[in-house]
């Protein structure tokens, strides 16, 4: 009896462990099935980039044409333009967005009146949660020919500017409105970084006679540097994200020259124009570059900041 | 922080308050202007004189929306979509996050699953192949096309997984001794202590699904199937038209456009109300989400 008592629980536990593992697989199964259908099946569908894909014939019946679509793509003058626009717009958003968010976080940290701080935070986080469908209306309302900004320009005796229809102004408008939407939300993480700076350093510096500006420059910013660096590296893959929602809601044929991005181009040519294989080829090219950027960013993050994305 | 009482520090403080409050106003006023426009009379909107208070107060735009059957149909398509997506997302997130939060010793296949999931996050088939797959599944023009492709929000799975890793092991061990199965442990131990993190991903799911207009644009061929944002998008923003009417000064077009502007403002206000209702909760939880989510594995 005594012997049995000792063995039986051990066996039970082994059985339990085995059962637990089975349960783990079962728990993962539903999610994996969704990924299989909606993530991995489209990856398989990439073969269409090497075919003359006809929906009626499907992936197996369509004729293979090798790299035909890629050759065509690289010979189009549009492609260089579209990639250049995407990168300029995305880089502008990343750089100016981060700078404003950092500056805002540093200034907000100085606000001692709770009511002011809380109210401002509530307001500046709000645009992040609104759809570009809504915000595009706001932007148009401000920047159209008879919009508020042009009325102001007019009252100062300046000429009206067709911001939405000008190839000079369209990119700055995209970058500016995105910075406006996101700087508040992006400042959250920088605020957390500022909070983690040792207050003793500030006290010591004050005693030594350092003014506020010097303390920000020599203590706060260096203290935030790891986070700034990490976020900068991790935003690297985003240089191929023009932001479909924003661009689609604001652009028009007049500004395709400077406003057309990879996403909007694939949507128009591939889906609306039903040139499925070509659209898939452009999409694949972009995905591959994106993947390379993400992997490099992850390696860089690991190397320089000892943290990583995945 | 700025200390002391000298004149220069006072000026410094004043400048900082001034900049911060200005940035707040820069975010608030353009939105507030839309609300004012939605409550203004057509003539005032046409003359473009509406600032921060309604001019010739009128609720006509809202009355017109009340009669717009498609607006409400789209509104309820979006409500339905958010409810379905939220339920599905939360179930799949916790079911996936729990086994993935185990160490490799506890669950040998864990890293294989993790690699598959990360690959799915980093690489995609792209817009067109995804469209063709969904078309082949006969999901076009159904509510499911708005819900199923985003059923597994990978970022949220990883966020919750990281949160589960931080749950004290002793809680789980006590439950195991009591003979609890993994599912019981998940629902009775892990979920109750992870409510703030789960609230965060729930809010991400609600906001993302409510705001998305692209799926409607791509997968719905009939306006009657549009979710709210796609419907509003299809009506409000015809930039090409705006640019053209601006340059040609076509009077008729201007009138039509101005009437729309009043109505569109009201549509946007109504479609934003659901988000404003959950905004206080959003604000409370998303900070947790960002901070937990930025520390990976």
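Note: Cβ is positioned from N, Cα and C throughout, glycine not excepted.
Here the structure is a predicted model, which means the values were calculated and not measured.
Ranges compared are A:62-86, A:87-111, and TrEMBL records transmembrane segment for A:87-111. Segment annotation: TrEMBL labels transmembrane segment over residues A:216-236 (candidates A:195-215, A:216-236). Sequence-distant contacts of the transmembrane segment (A:22-50) (same chain, at least 6 residues past either end, Cβ-Cβ under 8 Å): 59, 62, 64-67, 69-70, 276-277, 280-281, 283-284.
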